[in-house]
Amino acid sequence: MKLAVVGATGLVGSEILEVLGEHNFPFDELLLVASERSAGKKIAYKGKEYTVIGLKQAVAEKPDVAIFSAGGGTSLEWAPQFSEAGTIVIDNSSAWRMDPSKKLVVPEINGKSLRIDDRIIANPNCSTIQMVLALAPLHEKYGIKRIVVSTYQSVTGTGKDAVDQMMAERSGETAKMVYPYKIDLNVLPHIDVFQENGYTKEEMKMINETKKIFEDDSIQVTATAVRIPVMGGHSEAVNVEFHKDFDLTELRALLSNTPGIIVEDDPANNIYPMPLNAHKKDEVFVGRLRRDETQANTLNMWIVADNLRKGAATNAVQIAEYLLEHSMV
Ligand code: 2RA
């Protein structure tokens, strides 16, 4: 098993390496790949020093699987070249997500849809993954009619430069601006670029990707995506209306029994999910479960996950694990 991590020098790339290590992912050979600019850099991993190679050299090495986290442009250009060389690409960018010929996969939900001839597999957007993972068992039992979601997203979702901007602002240094405004001590209702309909691309990702993953265009989704000055993970306030009514105790038990979800819901003891606690964890945390008392069959919930983990690296590694477990690689 020859595995390539493309974008190995970025925030998600190094998280992928951490997750591969924690999961004891069984590769025989590991290629760390980045742009030609970073080729030659050394990365220490599990007691071994690796030299970063460029994309062209990596394609020639014909890895079995390449986990990409190198941006949409790189992915559009290079993923087809890897797949033509026989590599299965698992891609973290938005390049292939809405392509009807590509699967958009959260293994716990639709891993079963994967087939041996899927050569480029898309990893959903971080804010979508954590929401759909928490909603999947509820959708199966009660049927989702409409979702209203507001996000509170970590600066790590933008990348290392955004973390640097926030920390420089915090310590009073001159910050290189990644966002149009100061992010520390501020909140920006703006993630990714604005679209003609007034929504941002991040909001539209949550809307479109949710329907694709659940294979149900009838689900109504509306979103407001907001950047906040935290680092541990993304949080989401979700209001969800179901077709069928639910019993709150039964619903809580359903979530507690779902692999990958941890229910933290004990308001009397101030127990609820927070990004500080979700940091470096693979699971999605759910709490503040309560009925929306203004509308029938409707629930309010709070969902938190480390966006670099289940929102990116963990989900991508789990796709690779799924392929291995099902002899597709
Ligand atoms: C963000 N969704 O948090 C992006 C990262 N993929 O900005």
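Positions of Cβ are set from backbone N, Cα and C atoms, glycine also.
Record features (TrEMBL):
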DOMAIN    2-117  domain 'Semialdehyde dehydrogenase NAD-binding'
BINDING   THR9, GLY10, LEU11, VAL12, ARG37, SER38, ASN307  NADP(+) binding site
BINDING   ARG97  phosphate binding site
ACT_SITE  CYS126  active site, acyl-thioester intermediate
BINDING   GLN153, ARG227  substrate binding site
ACT_SITE  HIS234  active site, proton acceptor
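Selection of the binding-site residues THR9, GLY10, LEU11, ARG37, GLN153 by a Cβ distance under 6 Å from ligand 1 yields, in sequence order, GLN153. Closest by Cα distance to GLN153 (substrate binding site), from the recorded positions THR9, LEU11, CYS126, is CYS126. Just so you know, of the recorded positions ARG37, ARG97, ARG227, HIS234, the Cβ with the fewest other Cβ atoms around it within 10 Å is the one at ARG37. The residues of the domain 'Semialdehyde dehydrogenase NAD-binding' (2-117), classed with DSSP into helix (H, G, I), strand (E, B) and coil, number 38 helix, 28 strand, 50 coil. Separation of the C-alpha atoms of ASN307 (NADP(+) binding site) and ARG227 (substrate binding site): 13 Å, rounded to the nearest whole number.
Annotation for SER38 (NADP(+) binding site): spatial neighbours THR9, VAL52, criterion Cβ-Cβ under 8 Å with sequence separation of six or more. Nearest neighbour of VAL12 (NADP(+) binding site) by Cα distance, taken over the recorded positions ARG97, CYS126, ARG227, HIS234: CYS126.
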